[in-house]
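Marked as active site, proton donor by Swiss-Prot on the basis of sequence analysis: H36. Summarising the annotation, Swiss-Prot assigns ATP binding site to 29-36, 146-149, 183-186. Taken from Swiss-Prot, the feature (R)-pantoate binding site covers Q60, Q152, and the record attributes it to sequence analysis. Summarising the annotation, Swiss-Prot assigns beta-alanine binding site to Q60 and lists sequence analysis as the type of evidence.
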Amino acid sequence: MRVIQSICEMRHYRAGIANDKTIGFVATMGALHQGHLSLMKASLAENDYTIVSIFVNPTQFGANEDFGAYPRTLEADIALCERVGVSAIFAPSIDDMYEDDEVGFSAPKKMGYILEGFDRPTHFAGVLQIVLKLFCLIKPHRAYFGQKDAQQVLILQKMVRDLFLDIHIVPCPIQRDSDGLALSSRNIYLSASERQKALCIPRTIELVKKRILQGEREVATLREIALQSLQSEDITLFYAQFCNHKLEPITHIVENKSIFLIAAKVGQTRLLDNLWI
């Protein structure tokens, strides 16, 4: 396994891969967990090469967010990737990836400033900026992203379509801890009592899923069930919303190819979860 830390070396490595070989890519900010490993394993199963990036991207953090505190565990991450069997890690510096007076990026006007983008208006512009840079360097055939970040997945799929990129965005199922909480690098911020409170989020997802499987499709009814479940704990709810794959709100009947998205703060930690229908 190669550990690559410069753009020059990344370009050299990529140029050495034969044209008839496929490349899978997993973009991460490090602090790797089993959710990331599931993305790597999906890539390893479908591609000749799997490249993982580890880069805590400053442009997707807001002014009062946790960029400085975000966990950085590069040595452990490298060991984990080596055990899984990925081909290469790309772990550049901020100075390598960004120059002064960068070309500006913006998120899609409809998709990028609702839900997560409402509370974090610069977030998706930063995500698109770094992912496009990484795509340009690595030139993958497939890129693997977790469905936990549903809005991110849909916006990246739109970017690929809009820019005519020959890259397939592969959404991968949410991975959960034994207690049901969706895996996230930020879960380490939770105290034991906060984690117990946070479990109302996956319980709500399961409750909504169960009612849909039983035949309930009225949005108002399902949302009321969800809100009652979420209000059982002392958490700050940002949204509990049914949307289609264009992130347009569904207000009457839940149909196939819908998503139920939840974002809530437990203590000081923002948590996401969702149900793909």
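Cβ from N, Cα, C; glycine included.
Because the structure is a prediction, the values reported are computed rather than measured.
On the structure: features taken from Swiss-Prot.
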{"residue": "A31", "record": "ATP binding site", "CB count, 10 Å": "20"}
{"residue": "H33", "record": "ATP binding site", "CB count, 10 Å": "17"}
{"residue": "G35", "record": "ATP binding site", "CB count, 10 Å": "21"}
{"residue": "H36", "record": "active site, proton donor", "CB count, 10 Å": "26"}
{"residue": "Q60", "record": "(R)-pantoate binding site", "CB count, 10 Å": "21"}
{"residue": "G146", "record": "ATP binding site", "CB count, 10 Å": "23"}
{"residue": "K148", "record": "ATP binding site", "CB count, 10 Å": "21"}
{"residue": "Q152", "record": "(R)-pantoate binding site", "CB count, 10 Å": "22"}
{"residue": "L183", "record": "ATP binding site", "CB count, 10 Å": "17"}
{"residue": "S185", "record": "ATP binding site", "CB count, 10 Å": "18"}
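A Cα-Cα distance of 9 Å separates H36 (active site, proton donor) from L183 (ATP binding site). In the three-state DSSP scheme, M29 (ATP binding site) falls into the coil class. Of all the Cβ atoms in the protein chains shown, 20 others lie within 10 Å of the Cβ of M29 (ATP binding site). M29 (ATP binding site) is 11 Å away from Q60 ((R)-pantoate binding site) when you measure Cα to Cα. DSSP assigns L183 (ATP binding site) to coil in the three-state reduction, outside any helix or strand. The CA atom of S185 (ATP binding site) is located 16 Å away from the CA atom of Q152 ((R)-pantoate binding site). Calculated from their C-alpha atoms, the gap between G35 (ATP binding site) and Q152 ((R)-pantoate binding site) amounts to 16 Å. L183 (ATP binding site) sits 16 Å from Q152 ((R)-pantoate binding site), taking the CA atoms of both as reference points. According to DSSP, G146 (ATP binding site) sits within a strand segment. Candidates M29, A31, H33, G146 (binding-site residues) were compared with Q152 ((R)-pantoate binding site); those inside 10 Å Cα-Cα are G146.
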